[in-house]
Amino acid sequence: MASHGFYSKSQASCIGVALLFCTSLVISSFAELERLEHPAKGDGSLSFLVVGDWGRRGFYNQSHVAFQMGKIGEKLDIDFVVSTGDNFYDNGLTGLNDPAFEESFTKIYTATSLQKQWYSVLGNHDYRGDVEAQVHPALRKVDSRWLCLRSFILNAEIAGFFFVDTTPFVIDYFTDMDHTYDWRGVTPRKAYLDSLIKDLESALSESTARWKIVVGHHAIKSAGYHGDTKELIDLLLPMLKAYNVDMYVNGHDHCLEHISSLDSPIQYLTSGAGSKAWRGDRNQHYKEDDLKFFYDGQGFMSVQLTNNDAEITFYNAFGKILHKWKAMKELHSAV
């Protein structure tokens, strides 16, 4: 398998990022957010796929979605893939040698176009397993595409990506008696969140990227089964509005969604349909004014960016285009 790794603009910065990544285990989870770099194309454009809630050893149409991702990835000449969490079901990875890693990732996403860097966040199901294993750099020796951290920043020239570990925001997980969560590196929760929010705000305020995209597992706004996440609305959303974030991208609800906001230019994009989904799994009370698109089946999303334009497309498990949205940066308006 080809090694693509993460990139930087010079060999020196690449070495610096690599050293930072390799030493991540000995750095406190409360340390400043790690910063990675990935170049845009020669013409300055950027394209990538987004998939979430996928790791089921190919079952529940995961293999079908992966096949279509490969075809679309080739067509769009994607630069990388974003995973919105719940990477391995039902309970994350059991350790570094868990065969689920290769059976649900390496052996499923085999298309040539998908042999690019995967940037991943953790979901609540990942926290039910060995979180330290899933974020361990040793997994890159198994598959060089894999890069999963709790929270981090990716500079892709015209776009700045801010990956946020959203599971610790949700208080219900800390009182859930039905499941066991791996809270190593997270507790005490308040200190962890205070540090994360402070670092995220600093990164957003300093960013000069043309596009600002925040990625997390849990939805801020969703018409799906899980719905809106109150803690993210209270603690994260005001910051996203204040620093002119263009898109919030998430998984968690096993569907595809596009929700526009009436009080900000933020587009809420759910891509959590990488495998298991349920028909009719929708919150019927969600306001139709904000909901641009909802699909209760498997699929994924693509994003194409230039300096002035964005094009977002949702596909089902057979590669059919279900919804397409275009915007110009200056206007923040849908076409």
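A Cβ is built for glycine as well, from the same backbone N, Cα and C atoms used for every other residue.
Features as listed in TrEMBL:
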type	residues	note
DOMAIN	47-255	domain 'Calcineurin-like phosphoesterase'
BINDING	Asp53, Asp86, Tyr89, His254	Fe cation 1 binding site
BINDING	Asp86, Asn124, His217, His252	Fe cation 2 binding site
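Residues within less than 8 Å, Cβ to Cβ, of His252 (Fe cation 2 binding site) and separated from it by at least 6 positions along the same chain comprise Gly52, Asp53, Thr84, Gly85, Asp86, Gly123, Asn124, His217, His218, Ala219, Ser222, Gly224, His226, Thr229, Thr270, Gly272. Compared over the binding-site residues His217, His254, the count of CB atoms lying within 10 A of a residue's CB peaks at His217. Counting only same-chain residues six or more apart in sequence, the Cβ atoms lying under 8 angstroms from the Cβ of Tyr89 (Fe cation 1 binding site) belong to Gly55, Arg56, Ser104, His125, Ser275, Lys276. One way to see the shell of the Fe cation 2 site is to take the Cβ centroid of Asp86, Asn124, His217, His252; the remaining same-chain residues with a Cβ within 8 Å of it are Gly52, Asp53, Thr84, Gly85, Leu122, Gly123, His125, Asp126, Thr166, Thr167, His218, Gly251, Gly272. The Cβ of Asp86 (Fe cation 1 binding site) has 30 neighbouring Cβ atoms from other residues within 10 Å, across all protein chains displayed. The Fe cation 1 site is defined by Asp53, Asp86, Tyr89, His254, and by the 8 Å test on Cβ atoms against their centroid, the other residues of the chain that qualify are Gly52, Trp54, Gly55, Arg56, Gly123, His125, Gly251, His252, Gly272, Gly274, Ser275, Lys276. Of all Cβ atoms in the shown protein chains, 30 besides its own fall within 10 Å of the Cβ of Asp53 (Fe cation 1 binding site).
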